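Scroll down for the structure; my scribbles are underneath it.
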Amino acid sequence: MSGEMDKPLISRRLVDSDGSLAEVPKEAPKVGILGSGDFARSLATRLVGSGFSVVVGSRNPKRTAGLFPSLAQVTFQEEAVSSPEVIFVAVFREHYSSLCSLADQLAGKILVDVSNPTEKERLQHRQSNAEYLASLFPACTVVKAFNVISAWALQAGPRDGNRQVLICGDQLEAKHTVSEMARAMGFTPLDMGSLASAREVEAIPLRLLPSWKVPTLLALGLFVCFYAYNFIRDVLQPYIRKDENKFYKMPLSVVNTTLPCVAYVLLSLVYLPGVLAAALQLRRGTKYQRFPDWLDHWLQHRKQIGLLSFFFAMLHALYSFCLPLRRSHRYDLVNLAVKQVLANKSRLWVEEEVWRMEIYLSLGVLALGMLSLLAVTSIPSIANSLNWKEFSFVQSTLGFVALMLSTMHTLTYGWTRAFEENHYKFYLPPTFTLTLLLPCVIILAKGLFLLPCLSHRLTKIRRGWERDGAVKFMLPAGHTQGEKTSHV
């Protein structure tokens, strides 16, 4: 009984961020840090909180000691590298040469390079920072790690930042040591290969939303085109033909007319590549031929295009709420009331217009609600909690429902205006008629693909069937039956 009572109630184990338990050595392992900048301070804070004994090497320890946690020992660089086997090099590339005097003391140790070059430095040097550090200290083992983790993520913990730590190096044991340290700190290590991969890893923090560049340019291009079109119709035409000054509409009214057009076309462009891919597979009779590069890139950017569509739809809703707040709108109401009095009409009520307004506003709210659901489920944490069938149902089925609701919203908004001559200003059709072309083609194509003759064939192709793929299977020689042919 006494033996049971002698056991500690809580074992020396830490809980990782994913819920698993990681053993912590009885004696805290000692880790060295060379550097006293922001990243070095955040790294020291995280290491101390994870149970490591931290020694910080600084050129002026008295001045920087107050910036580090009290449990971290701040001393001169020579003393900091004497005992730890793992040393984080948290200095810039141009300062690597200042560490050459420590080469003898660093021999045989693991150097973890956490630096990132600037865009200019990356273009100037052929070697990555990690490879350059390895060339200066050939007796050391250099591992590239933690360069994609920000100082804030180190301080706040992996729950508030990116959990992945990209690691590359030439020695497996050294990478394993750094990986275990990353796990103890609550991060998820990801092996990126040899040290030659460091150049690619160092380029990651320099990228500015690479997957958003083309969708953003597309959205801006559509906005400029539709804005210019609406400006000609709503502002320029009245000024030239009727000498009416309506330039006050440019900041809000013309923008609000443009936003739904951009959102609607972008939503159509999310589902158009799927239609083109299905048509291409039906034409080829196989799924084993690669799509053209332009279609492949288009398919990969659907998420960004959809989120931009949601963004413009939300702006359209907010701008619409602001329309009654305009001074011009109040003047229009007063002028309408004066005209009603002069016409000696006690009640102004157009049943058709009332129903049209009620219906198209309701459809617009429903479409925005569907887009909101699509945007929420595209968040990685929520998307990862869904299985493939659930995710496909939300993004494909409900997304197509959102496109249908948007089309009905646009049709009820336009009503009969497309057939009225006075709405063709400068012989230009109403803007909504231009936006309807692409969605109607997509809806028609989707309807055709639902026909049994096309639906069954497309399903077979996506399950591996090929139109011209006749595979011959030969039975054993002693078998009574002859040759058999099967289509795969």
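Any Cβ shown, glycine's included, is placed from N, Cα and C.
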With reference to Swiss-Prot, is ASN387 found on the same side of the membrane as THR459?
yes
Look up SER20, SER115, SER385 in Swiss-Prot and give me whichever carries the note phosphoserine.
SER20
In Swiss-Prot, which of these is labelled N-linked glycosylation site: ASN256, ASN344?
ASN256
To which residue among SER17, SER53, SER381, SER392 does Swiss-Prot attach the annotation phosphoserine?
SER17
Using C-alpha atoms, which one of the recorded positions TRP152, ASN256, SER378 comes nearest to SER36 (NADP(+) binding site)?
TRP152
Helix, strand or coil at SER58 (NADP(+) binding site) [DSSP, three-state]:
strand
With SER378 (FAD binding site) as the reference Cα, tell me which of the binding-site residues SER58, ARG93, SER97 is the closest one.
ARG93
Count, for each of 259-279, 391-411, 434-454, the Cβ pairs lying under 8 Å from the transmembrane segment (359-379), and report the range with the highest count.
391-411
Among the binding-site residues listed here, VAL91, HIS95, TYR229, which has the most company in the form of other Cβ atoms within 10 Å of its Cβ?
VAL91
